[in-house]
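Take a look at the structure below.
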Amino acid sequence: EIPQNLGSDIPHDIIKLPNGQWCKTPGALCSSRSECCKAKHSDSVTYSSGCSRQWSDQQGLFINQCRTCNVESSMC
């Protein structure tokens, strides 16, 4: 299950990237912001998407995961 603080409940566009792969959804492992799917209506300043460092209790280390958040809330 993907934690809600990664933005899994925020609608996002799943698009094919220039490298031919699909963008990664919130909670997926990533290495750069460009790999992550952007929130729908990301042309507004309401949402921000990117690849952020998160602590994984399961693995006992930091991992990079795609995240989408509402910039007007405390999620970002």
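The count begins at 1 with the first shown residue.
Placement of Cβ uses the backbone N, Cα and C atoms for every residue, glycine included.
Copied from Swiss-Prot, the annotated features are:
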{"type": "DISULFID", "residues": "CYS23-CYS37", "note": "disulfide bond"}
{"type": "DISULFID", "residues": "CYS30-CYS51", "note": "disulfide bond"}
{"type": "DISULFID", "residues": "CYS36-CYS66", "note": "disulfide bond"}
{"type": "DISULFID", "residues": "CYS69-CYS76", "note": "disulfide bond"}
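Overlay of Swiss-Prot annotations on the structure.
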{"residue": "CYS23", "record": "disulfide bond", "Cβ neighbours (10 Å)": "19"}
{"residue": "CYS30", "record": "disulfide bond", "Cβ neighbours (10 Å)": "19"}
{"residue": "CYS36", "record": "disulfide bond", "Cβ neighbours (10 Å)": "25"}
{"residue": "CYS37", "record": "disulfide bond", "Cβ neighbours (10 Å)": "21"}
{"residue": "CYS51", "record": "disulfide bond", "Cβ neighbours (10 Å)": "19"}
{"residue": "CYS66", "record": "disulfide bond", "Cβ neighbours (10 Å)": "26"}
{"residue": "CYS69", "record": "disulfide bond", "Cβ neighbours (10 Å)": "21"}
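CYS23 (disulfide bond) sits 16 Å from CYS69 (disulfide bond), taking the CA atoms of both as reference points. Distance from the CA of CYS37 (disulfide bond) to the CA of CYS66 (disulfide bond) is 8 Å. Here the candidates are the disulfide-bonded residues CYS36, CYS37, CYS69, and by Cα distance the one nearest CYS51 (disulfide bond) turns out to be CYS36.
Taken residue by residue with DSSP, CYS66 (disulfide bond) is part of a strand. Following the DSSP three-state reduction, the secondary structure of CYS36 (disulfide bond) is strand. Using CYS30 (disulfide bond) as the reference Cα, a 10 A cut-off selects CYS36 from the disulfide-bonded residues CYS36, CYS37, CYS69. For the recorded site, CYS51 (disulfide bond), the DSSP three-state label reads strand.
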